[in-house]
């Protein structure tokens, strides 16, 4: 191993490598490469954690795994494979989730450095918060196709993972999904909801039946359909979808006619919906049973083509029966989990999405395209993973030597820049965002929501856990000391169905939130709003200053300098950072272990200041939460960047 050979590293670094204790979070495409690099470099004490198991689709880029490992723990197999390179290394593997309460601040404080190779935004945010609290350097990494990124997160020195949050995964109004789809993604979301209704974890918000509460539908909607024979057969009554399917013994014909004929006729009876839209065309099982045996047998060829409607109907029928068999084998109360790599689950979603798309005259997609959209995946490139993992370990050398000023963010690009570089370091260390709702001295956000409709359960599940990435939040109403949500099981279950208004949480109220596991506190100011049909149900604003009326802001007397042309960070989870240049954004959701979101500049401008990230004023160090006195809290409304000339003309704007 390199560290065991004198002369490979200078003596100080060589000793630090031997003595350091490293945590690798994630054993996927990047994690496997990082672990291999650590072992070959000579790191002696390594721990790795991953909850996932090995799938056949992993084998083309996760080279510590082989065919005989399919179905086994990624962390355990990665450990075994890495030990073949250096049997003397001490490697401990955890087949577990990093977000459980087994891995708190004390766990993280045991390590010299943490290397992230995670596969989702929530887990990345969780590790980010724990490393900030434990004051342990974190190296975050990600790839998307041929693009890669490696950055250091150090408390008080750099931006954290959540300083400039990316937009949350795009959601759609329920009435659009259920009543008036207009894009392929609407049909795909509906099909995934249907899978959960029939076989998965059922959610009332994912009901696939026509939505009679649609404000566009008008009064007395659906009366025409209710008077037809279909209602007498029970096909359009509001009954539990799974219970009805079980009564039908998951008969493909009955399910097809219910979803694509009876429910569509029910929608047609909502005449107001179709005044300015093309009405859908119901499809019936009997009329589509022609040439159904013509499905392409070769799976690769079939994935790339758009199947005919009869072919799609056959896939629909076969996938339903296969999923029924798998579902009935489960213990009572258990359910299937949708996975893009599960053939039957993917076939079902692709078939349902395309049948619904044809009904609403929406372009149909190939199974491959639907898989990419449904799984939010970007093709993973093994070479990019290897390059990125190599940079991670090289950055770890700098961290161990406390050379943080040399740990600038590094970007991997597909094409070389004008300086003939495809591995491009940033020009400066970006300091923390003083308005960050995680690492600021006093973390706070504004929540704009309909307090008359939002329930306490939705506040906990959709906002605190899903949107703000908490794990076990406790919530109290400031000034009244009333407990709204408790992390103690069962303590506040009686509040779950109550609206915020019923809990006396109205416009202007302040909620104090504390996640004990993350050692994270947040102040939430609630503002009431009446959302429209196409609006999101809530909005989180990370910069309360941005809510002040515009007339309170001083009008500019001259063109602002380039430094001031930075965006407000007020968009929080619902917005994004930009640098005022012409940019082309490429949004990539964090559902794969090799994801990040990159905004690439269209033009390289040498004479303007670096804007690789919207940032706080350089040189003004901001201590993290609970570590800075209140009087030291920065009061800038907008973030600024360095006005120093660019060292390179190839900066990227990274939002991940």
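Every residue gets a Cβ built from N, Cα and C, even glycine.
So that you can see what the record holds, here are the features copied from TrEMBL:
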type	residues	note
ACT_SITE	175	active site, glycyl thioester intermediate
BINDING	26-31, 50, 58-61, 74, 97-98, 119-124	ATP binding site
COMPBIAS	568-583	compositional bias 'Low complexity'
COMPBIAS	589-605	compositional bias 'Acidic residues'
COMPBIAS	646-656	compositional bias 'Acidic residues'
DOMAIN	302-371	domain 'Ubiquitin-activating enzyme SCCH'
DOMAIN	447-530	domain 'Ubiquitin/SUMO-activating enzyme ubiquitin-like'
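Ranking the binding-site residues 50, 60, 123 by the distance of their Cα atoms from the Cα of the residue listed as 'active site, glycyl thioester intermediate' places 123 first. Within 10 Å of the C-beta of residue 26 (ATP binding site) we count 30 further C-beta atoms, all protein chains included. Here the Cβ of residue 60 (ATP binding site) has 10 other Cβ atoms within 10 Å, regardless of which shown protein chain they belong to. Shown for the domain 'Ubiquitin-activating enzyme SCCH' (302-371): DSSP residue counts in helix, strand and coil, namely 45 helix, 0 strand, 25 coil. The most crowded of the binding-site residues listed here (97, 120) is 120, judged by how many other CB atoms sit within 10 Å of its own CB. Each residue in the domain 'Ubiquitin/SUMO-activating enzyme ubiquitin-like' (447-530) gets a DSSP state, and the totals come to 15 helix, 29 strand, 40 coil. The most crowded of the recorded positions listed here (50, 175) is 50, judged by how many other CB atoms sit within 10 Å of its own CB.
The highest number of surrounding Cβ atoms within 10 Å, among the binding-site residues 29, 123, is found at 29.
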